[in-house]
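Q: This is the structure, below, for whatever I ask next.
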Amino acid sequence: MQAQPIHARLMNGEVLSQDDATAFMREVMSGDMSGVRMAAALAALRVRGETPEEIAGFAQAMRESAVTVKVRPRDVLMDVVGTGGDGAHTFNISTTTAFVLAGAGVPIAKHGNRAASSRAGSADVLEALGVNLDASPEVIQEAIDTLGVGFMFARNYHPALRHAAPVRSDLAARTVFNILGPLSNPAGATHLVVGVFRADLTRTLAEALRHLGAKGATVVYGDGLDEFTVCGPNTVSGLRDGEIIDRTMHPEEFGVDLHPKTAIVGGSPAENAEITHALLTGGGTPAQKDIVALNAGAALRTAGRVGTIREGVEQAREVMKGGQGWEMLQKYGALTKR
């Protein structure tokens, strides 16, 4: 008897192995799957909820189909990225954090896009800061290998996603694609801090990253934000040495004050670029400085560069005061325009 096609198995409630999930997504990425079959499968997954193995399999196929950035091997290559879709309209916290980390000497391969639910995504604000988003993969590779930082504009690195775009648009609802971007870094990031839009996703994505071979990861839901928040508790799943630990973290544990959500709201790309510039040159408001320091501190701990998040927060504050992150951003912007 002929085996059922994967989309039919999903519609029947079957859970896929990681290999079968990869096979399904390869068919999507190749353009060989009809829109009806794709929509049925995505809807079935949405209703049931994706397993870590399925998410890892889908992400593996996305990685295979991506344009890659062939950086030299290293022990740590970090991405700090959110799924987007939190609707909080904050300034560009993860983008600012990435350059603080680069200023602290952590190699960064940031992967991002234009705005999902805010007015300015990472690509929008970096463009406003003078970065050429369309720099070639070879230029990005050179930037990561020589400067220690690079930004990959997702649209340019995942051309096969065009095959899923019409169905995603027609469904007009979140699907597994909304969480795959952070898991599909074209440079092969080894360590990640991933922000998610629902608390129940932290463990799921940490397990998926373990299946994908990540050396270290921190997945966080920040009380309504897809990053660490300074406005309330953080739901965190941390992957270290193959073990995953779930916990709730409060900003005060790390020497960071609590602030209202209104204190971290952003605006247009130009307005957010001004905030990023201020923070990377020792300025910014207390809330802005605290939330970037907390996110950078957690990333420094994830990368193994400090023993505790509190130590990381203090190091991040020193980098912001010293302007090393801004220096990195200026050098990177110039390199992308060559």
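Yeah, the Cβs are placed from backbone N, Cα and C, and that goes for glycine too.
Sharing the feature lines straight out of Swiss-Prot:
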type	residues	note
BINDING	G82, N113	anthranilate 1 binding site
BINDING	G82, 85-86, T90, 92-95, 110-118, S122	5-phospho-alpha-D-ribose 1-diphosphate binding site
BINDING	S94, E227	Mg(2+) 1 binding site
BINDING	R168	anthranilate 2 binding site
BINDING	D226, E227	Mg(2+) 2 binding site
Q: Within 10 Å of the Cβ of N113 (anthranilate 1 binding site), how many other Cβ atoms are there?
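A: Other Cβ atoms within 10 Å of N113 (anthranilate 1 binding site): 19.
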Q: Tell me the Cα distance separating T90 (5-phospho-alpha-D-ribose 1-diphosphate binding site) from E227 (Mg(2+) 1 binding site), rounded to the nearest angstrom.
A: 10
Q: Does anything in the same chain, at least 6 positions from D226 (Mg(2+) 2 binding site), have a Cβ under 8 Å from its Cβ, and if so what?
A: G82, T83, G84, G85, D86, A88, G195, V196, F197
Q: Relative to the Cβ of R114 (5-phospho-alpha-D-ribose 1-diphosphate binding site), which residues of the same chain, six or more apart in sequence, are found under 8 Å away?
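A: Once residues fewer than 6 apart are set aside, R114 (5-phospho-alpha-D-ribose 1-diphosphate binding site) is near G121, A123, D124, R155.
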Q: May I ask for the distance between N113 (anthranilate 1 binding site) and R168 (anthranilate 2 binding site), taken between their Cα atoms and rounded to an integer number of Å?
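A: Per the Cα atoms, N113 (anthranilate 1 binding site) and R168 (anthranilate 2 binding site) stand 16 Å apart.
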Q: Can you grab the distance from S94 (5-phospho-alpha-D-ribose 1-diphosphate binding site) over to R168 (anthranilate 2 binding site)? Cα atoms, rounded to a whole Å.
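A: For S94 (5-phospho-alpha-D-ribose 1-diphosphate binding site) versus R168 (anthranilate 2 binding site), the Cα atoms are 25 Å apart.
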Q: For R168 (anthranilate 2 binding site), what is the secondary structure by DSSP, using just helix, strand and coil?
A: helix
Q: Sequence gap of 6 or more, C-beta under 8 Å: which same-chain residues meet both conditions with respect to R168 (anthranilate 2 binding site)?
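A: Counting only residues 6 or more apart in sequence, the Cβ neighbours of R168 (anthranilate 2 binding site) under 8 Å are L42, T175, F177.
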